[in-house]
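Enquirer: What Swiss-Prot records for this protein is below:
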type: CARBOHYD; residues: N115; note: N-linked glycosylation site
type: CARBOHYD; residues: N132; note: N-linked glycosylation site
type: CARBOHYD; residues: N170; note: N-linked glycosylation site
type: CARBOHYD; residues: N224; note: N-linked glycosylation site
type: CARBOHYD; residues: N235; note: N-linked glycosylation site
type: CARBOHYD; residues: N342; note: N-linked glycosylation site
type: CARBOHYD; residues: N601; note: N-linked glycosylation site
type: CARBOHYD; residues: N835; note: N-linked glycosylation site
type: CARBOHYD; residues: N931; note: N-linked glycosylation site
type: CARBOHYD; residues: N1000; note: N-linked glycosylation site
type: CARBOHYD; residues: N1006; note: N-linked glycosylation site
type: CARBOHYD; residues: N1126; note: N-linked glycosylation site
type: REPEAT; residues: 699-754; note: repeat 'Kelch 2'
type: REPEAT; residues: 994-1040; note: repeat 'Kelch 4'
type: TOPO_DOM; residues: 31-1169; note: topological domain 'Extracellular'
type: TOPO_DOM; residues: 1191-1327; note: topological domain 'Cytoplasmic'
type: TRANSMEM; residues: 1170-1190; note: transmembrane segment
Amino acid sequence: MRESFASLLATGAGKLALSLLFAATPFTSAYTFNQVPSPNLDISNLGRIAFAGDFDSISLYEYEGQTQETPSRNGTLLSRYPNGVFASINTTDADIKAMCNLRINDTERIVFAGNFTGVGNMPTPGGIALLNTTDGRVRALDGLDGTVNTLYCDKSGGQVYVGGLFNGLNSSNAIIWKDGWQELDFNGFNGAVHSIAQAAGGNIIFGGEFTGIGRGNASVASENATQIIPISSANISAQTNSGLPGFTDPKVIACKSDYSSGGAGQTWLLANNAPGFWKADFGFGFEPTRLKMYNTDFEGRGTKTFRFTALPDGGIMNMSYVDPSNGRTAYCDARCPLPQGNKTAQDFTFVNVVGMNSFRVDISEWYGSGAGLNGIQLFQDAMFSYAVNDFNEAQNCGASGTLSKASSTGNWQVSPSHNSNSQYLTTVLQGDPIRPDAASVTFSPDIKQSGNYSVTIYTPGCQGDGTCGSRGRVNVTATIGQGQSEEAILWQTNNFDKYDEVYNGYIDAAGGFQPSVILRPASGQGPGPLTVVAQRVRFTLLKATSGNINGLFEYKPGEKLDENNLADSVINAAGASLDPRGKALITSVSSSGQNLYVAGNFSNNDGRNNIFSFKQGASDPTALPNRGLNRQVMTLYQNDSMLYVGGNFTNTGEGNVQGLNGVAALVNDKWQPLGAGVNGVVLYLVPFSLNVTANQPEQVLAVSGFFDSVNEFNGNPSTNVQDFAVWVPSRSNWLHNLDFFTLAMSGRLMTFADVPGGERWFGGSVSSGSLLASGTAELNNGDDALSLEAFPVNLQAQQSGEAGVPSRKRAILEGQDMSTTGVRTGKFHTEGNNNMTILAGHFSTTGTDQQNITNLVIVDGGDSDKITGFSDELDANSTFTALAVTSNNILFAGGMVTGRLDNSRVAGLVTYDLTAKRFTPVQPPPLQGPNITVNAIAPRPNSNDVFVAGQFLTAGSLGCAAVCIWNTERNQWNSPGNSLSGVVSSLTWISDTQMYISGNLTSGDNVTTILSFNPSNNQFTAIPGAINLPGPVNALTIANEDGSQFWAAGQGSDGTAYLQRYNGEQQWMPVDSALFGPGTDIRGIQVIQVSENHESSDLISDNEDLLLMGQIQIPNFGTVSAALFNGTNLVPFLLATKGADGQTTDGSLSSIFVEFPAFFSQQNGKHLALWAIVLIGLAIALVLTFLLVVAGILLEWYRNKAKGYSPAPQSYPDRMGNVGRLPPEQLFGTLSVPRSRPTNYLFTCTALCIGMDVPTIHRRCNPVAHHKQLPAWTEQVRTEQTTETRPAINEDGCGTSIGGLLFRLPFSRARRISGDDVFDTILACSS
C-alpha cells in the first residue's frame, strides 16, 4: 500500500535537541565532505556577540554542500557531516521506507526503496534504487510497477529480497534482485508484504497482508472481471472508403447496440479492391486482453485478413483464436483471418499484454469487391473508472447493466496527459483554509461480482504539468459496502506517475450495489493556490487464497515449494492460527540470535496479542510476557538483548505495566517503559550515535511517529515535541530532559543501513543544525575556532492573542505585522557590575520561579542565570523591537507595545528598573498615532536624554513625530524639532553631539533616507545623496573611526535589496546588486575585523568584513541567514531554519547585539585584557595625582618665598594651656552630626553655575524667601516671577531667584568673597 508518512502526519516536522559533541570523534566516511575555509573573524573587540531572529536551529557554514534549504517534505537520503549535522545527499518525492547494504563488485552499495517515483529528477518506477556510497550517485532499478515496503540484503547470496505492493516479471509483491530481477519460486503473494527477515536457520520470513502465494493481484480470468474499452471516445480515422452513401463513416462500427447488424449507417466499407486501415487514437492508455471483430457480408464484401498494430510502439500483436473450421486454437500476427459470411464475432486473445494508447487495424485481403467491418470491440482484464467521463464505458455500446462512470463538483479542467497514462482533471483552489468540499470527483466502477478486490488510485506526476510547488494532500474515501467506507490521506507531490492502494478486501456487489471512491482536498491546507488532480481508479479482482496462509510465510531457499505442505512450517501454522482469520496484519519481523519476533495487529487465545516470538528449533510459537501488548505494534528494533517496540499500544495485554504508551522495551522477558512513552503512535525506531558523555559515542534511539508530547515521569515534566523524540538508554531518559550542549533536529528518521567500515546512512526527512536555539544564539571564538552557544532559556513561539500557548513560528519580514513570533533584539548589560542578557520580541517562556514570561526575558548571569522578565503586566500580543539601558540601571523597551501599568495606559515604550526588578513608578506617557511602533532607542552619551524613534505622531500630548526625547531627570518628553516626520528604522550616535537617523524620512520639505542630527542646536542635516538611495534604509552601521563613513542597506521599490557605502565625501559606493538573489531581505549589518587580511577593495578595508543578516539569497547557493561581504563576494556564514505548520522552512536573523558596540574605538592594534586596562588607568591616575601634588607644593613654596613668609616658631611650652577655652566635646561633638547649612547662601563660583537653569538651582538649593539674610556682597537686581525656565548664567555673573526676587552674583564679587562664604555656598548648592 502506497502510504506516505506525511499522510499519517497532518502536522509534520518536529523538533528536538540532540547532543553536539560529534566533532570530538569525526566519522570515518568513504563519502567525503570538504571543509570550507575559516572566515578568520576576530570578534574579541566586540566582547560577547549574539544574534536575534526567527529560527529554531542555527549552524555555522562549515562544509561544502551544507545549506539552509530544508529537505524534501517527503523523503531524503541522509548521511552526516563530520560535525554531526545531517547531510542531504539526494531527495525523493515520497518516503524512503527501507534500506540495506550490499557489496557489489567489491564496492559497498546501499539499496533503498519506498513509495517514491523519482530520486532528484531521475524517474524510479517501482520505488527502488541503488546508491554508490563512494560518490553518492544513484541508479534506478527499473522493472517494478508499484511501491516497495521492505528489503532484506542477503550478503552471502549477493542478492536482495524485495517486498511491497508491486508487479514485476510474473511476480507480485515479492521478488529478488541479483544483478537484475529474478522471480521467487512461488511468484509472490496475493497481498502486500511489509517486512522480510532471515531466521537463525537461514530461512526467509515474509510478513504482511496476504492469504495466499502466487501472482496475487493478477486479474481473475472471468467474463465478470473484464471491461469494455470505450472505443467510441477515441479519435477514429480510416484510409480509403467505398464512397457508397451510408458506408463511409468509420465511427459507426465503434459503438452499436447490436454489433452483428449491418447496412447503411451501421457498416464501414473500404474502397473497392484496395487495402486500407481503421485507426483509433485515445486520450488514455490501456492494456487490452481481448478483441472482437464483426465482419460484414454486404453484397458479398468482407475482410479476409488483417493485423492489429499497437501504437505508438508500432508492434504487431500476436493473438490466438479458435479456428471455426476445426474448433482448435490457432495463432496469428500479420495475417489474422476473418471468416466470410460470419454473422457473429470472431474472438481473438492477445498472447502478450501490451500497453498502448492507440491502435490500427490494417486490412490486407478481402472478399468480393472489397473489405469492410460491421463492428469492433476491445476488452481489458481490469476495471477502471476515469475522472474524464468520456473515457468510461459508453451507453448503448454493447455493455449491459451498471457502467463505470465519474461525476464531479467544483471547477475542473481537462489537462493533457503530458508524460502520464491519460488525460486527467485539474482544479486550482484558493482559501485559508481551503474547504474540503470546494471540489470533488466521485469514481464509480463497473463491478459485476462480489469478491476480494484491490482498489488503487492513480496520480499523474507533477513534473509534467509543472505544479509541484502547489500540489498538496487529498482525502480519498472508498465506499465498499452499504454503510462501510475506508479513508486515506494521500500526497499528490509525486514527480512522476504513481498509484496508491486505498483498499484491499471484500466488496459485496450483490443487490446492485455499486462501490465508489471520492477524491477531495484534505482538510487543514491553505492558503492557496492548491492544485488537485484526479485521473483514474482501478478495481482488481484478486485470486482465491492458496494454502493456509495468514500474513506470515516461511521460505526455504533452494528447496522446491510444495503448496500442499505449507502447513508443515511452524511459522506458517502460527500465522494461520491468528485472529482475525485471513485478515491478520504482520507489520514487522525481526531476527536476533535464536529468536524471531513477529509483530502487527492480531490476537490469539494463547496470549499472542500483537506480538510473539519463535525460538530456533521450537515446535510452537511463544507468547511474550503479560499476554503481549493491548494494541497494534508498528515497528521493532533489536539491540543486543533488548527489543524496542513501537506502535499504538498503551499497556500490556493484561494491563499491568504502566507507562507503555506507544513505545516500550522488552528486557530479560520483562516489559519496561521508556519514561512514560508518548501521547500518540510510534511508527519508526532508528538508532544513531551521539557523544552523550564527552568523547564516548553511544547509541541512542530516534522515535518518530504521530505524537505531540513526551509524557511526564519521575519528576520529568511533560514536554511538547512534534512527532520526534530521542531516547538515551544509558541515562534511561529522553534527551531533552538531559542538560547538554545541543544540536537541533526536526523531521523524522524512518530507516537506516550501515556500511562496513564506513558511516551509517539514513532515510527520512530531516533538517538539522549544529545548535538548537529558539530565536537567539551567541557566537564564541574559543581555541581559534568559531562556535555557537545557546542561552540558558527555552523560548516558545506564540501567536497573537495566545500568550503562553506554544505554536509554530512565523517569519518576521519587512512589512508584516510585528505581532508574529521571534526574538527581535537583545542587549548585554554589563555596566555597574551587572551581567545580564536581555532578549525581546514575541515569545513566551517560564521563569526560574515558574512564572509565565512573555516577550521580554532577562537572564541574570550574576545570579546563577536566574530567569525573570515581563509577565502578564502588558498585553501578551505585544512585540518588542528595541532595547536600551541607562546608567541608572533603567531598561527602556519599545516596539509594538500596549497595556496598562498601575492602571495607566502605555503604548510603544515602557521602562523597567533592573535593580528593583519592577516597572518604574513613572512611565513615559504613551506614544500615539496609527500603527505605533518603536524601532530604535538610543540614550545620548553623557546626558539624561533618551532618544526614541519609530512610527508615531505624538508622545503624550507633545507633538514629536518619528523621534522624541525622554528626559530621565525631569521625566518628560521633549521634541528635537517640529520639522521631522516619517518612519525611523535606526538611530546611531557618533558622538554626544552627532547622531545618524535612518529610515523613510521627511525633514521640512526634504524627503530623504538618512539625516544627521545635532542635539546642541536641534538641527537636522540631510546626508548628501541619501535621497537617491533605491529605497528606505532598514539597517545602518558605522564604517570608520570618526563616523563620517557608514554602510546602509534596504530594499528598493521593486523589492530588490541594496547595500551601499557612504565615503564621507558626498559619494555613495554601491555593492553590485547581482550579488543578491531575488527575495533578499537585509535586516542588520555589522563591521567585523578579520585576523587575516583578504584581497583589498575600494569598498572595505582588507582587515574587515561586513556581516549581513536577514534572509540573504546568494546566487548559485541558496538562502542563508547571515553572510560575510569581503568587498568582492558574499560568503555564507550562518544557516538557520525553523519549524512551521508541519514543515521546516528557512529561518531569518533580524539583528546582532554585542557587548561593546563602539567597534572602531577599540579596533586599532592589539587589544589588552580588561584587567590590564584597569591597572594601567589606575597607575596613570596615581602618577598624575602625585605630579599635581608635587607641583602644588612647589608653587606654594615659591609664592610664600616671594612674599617673604617664614616658618612660624615650633615650640609648644604649654600644650594644654588653651584646652579650657574650647572643650574637646564641643570641638569634636558635632563631627557625627550633619553640618547646618544656611539656606541663604545660594550662590557659588562660576564653575558651579555654568550650565544650570533656574529649576535646577531651585531644586538643588532649596531656595526660601530669606533674601534679607543674604551676604552683603550680593546685589538685588530686580523682582520678577520665576516660573519660566531661563539661564542662570549670563555674561557677568551667576544669578537665581529666591522668594520671587532675582539675585545676581557678579564675577568680580565672586572673586572677592571670603573662603567661608564660598565653602557654605558650595555646600548649599551641591545638595
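Quick reminder: no glycine exception, Cβ is built from N, Cα and C everywhere.
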Enquirer: Expressed to the nearest Å, what is the distance separating N835 (N-linked glycosylation site) and N115 (N-linked glycosylation site) at their Cα atoms?
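Expert: Between the alpha carbons of N835 (N-linked glycosylation site) and N115 (N-linked glycosylation site) there are 54 Å.
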Enquirer: So among N601, N1000, N1006, N1126, all listed as glycosylation sites, which is physically nearest to N235 (N-linked glycosylation site)? Use the C-alpha atoms.
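Expert: So, spelling it out, the nearest of the glycosylation sites is N601.
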Enquirer: Where the distance is taken from Cα to Cα, which of the glycosylation sites N132, N601, N931 turns out closest to N1006 (N-linked glycosylation site)?
Expert: N931
Enquirer: Given the glycosylation sites N342, N1006, which one is most crowded in terms of C-beta atoms within 10 angstroms?
Expert: N342
Enquirer: Least buried of the glycosylation sites N235, N1000, going by other Cβ atoms within 10 Å?
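Expert: Selected from the glycosylation sites N235, N1000 on minimum Cβ neighbours within 10 Å: N235.
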Enquirer: Would you please pick out, from the glycosylation sites N115, N132, N601, N931, N1126, the one with the fewest other Cβ atoms within 10 Å of its Cβ?
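Expert: Per-residue Cβ counts within 10 Å for the glycosylation sites N115, N132, N601, N931, N1126 bottom out at N931.
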Enquirer: Which of the three DSSP states, helix, strand or coil, fits N1000 (N-linked glycosylation site)?
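Expert: Where N1000 (N-linked glycosylation site) sits, the three-state DSSP reduction gives strand.
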Enquirer: What are the helix, strand and coil residue counts for the repeat 'Kelch 4' (994-1040) according to DSSP?
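Expert: DSSP classes over the repeat 'Kelch 4' (994-1040) add up to 3 helix, 29 strand, 15 coil.
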Enquirer: Of the glycosylation sites N170, N342, N601, N931, which sits closest to N1000 (N-linked glycosylation site) by Cα distance?
Expert: N931
Enquirer: Other than its own, how many Cβ atoms are within 10 Å of the Cβ belonging to N835 (N-linked glycosylation site)?
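Expert: Result for N835 (N-linked glycosylation site): 14 other Cβ atoms within 10 Å.
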Enquirer: Closest of the glycosylation sites to N132 (N-linked glycosylation site), Cα to Cα, picking from N115, N170, N342, N1126?
Expert: N115
Enquirer: Have a look at the glycosylation sites N115, N170, N342, N601, N1126 and say which one has the shortest Cα distance to N931 (N-linked glycosylation site).
Expert: N1126
Enquirer: Restricting the comparison to the glycosylation sites N115, N170, N601, which residue's C-alpha is spatially nearest the C-alpha of N1126 (N-linked glycosylation site)?
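Expert: Out of the listed candidates, the nearest Cα belongs to N115.
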Enquirer: Can you tell which of the glycosylation sites N115, N170, N601 lies nearest to N342 (N-linked glycosylation site) in space, using Cα positions?
Expert: N170
Enquirer: What does the structure give for the C-alpha distance between N115 (N-linked glycosylation site) and N170 (N-linked glycosylation site)? Integer Å is fine.
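Expert: One finds 21 Å between the Cα atoms of these residues.
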Enquirer: Can you give me the Cα-Cα distance between N170 (N-linked glycosylation site) and N601 (N-linked glycosylation site) in Å, rounded to a whole number?
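Expert: Computed Cα spacing between N170 (N-linked glycosylation site) and N601 (N-linked glycosylation site) is 30 Å.
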Enquirer: Quick check: in three-state DSSP terms, what is N601 (N-linked glycosylation site)?
Expert: strand
Enquirer: By the DSSP assignment reduced to helix, strand and coil, which category contains N115 (N-linked glycosylation site)?
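Expert: The three-state answer is coil.
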Enquirer: Have a look around N170 (N-linked glycosylation site) and count the other CB atoms within 10 A of its CB, chains all included.
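Expert: Its Cβ has 12 other Cβ atoms within 10 Å.
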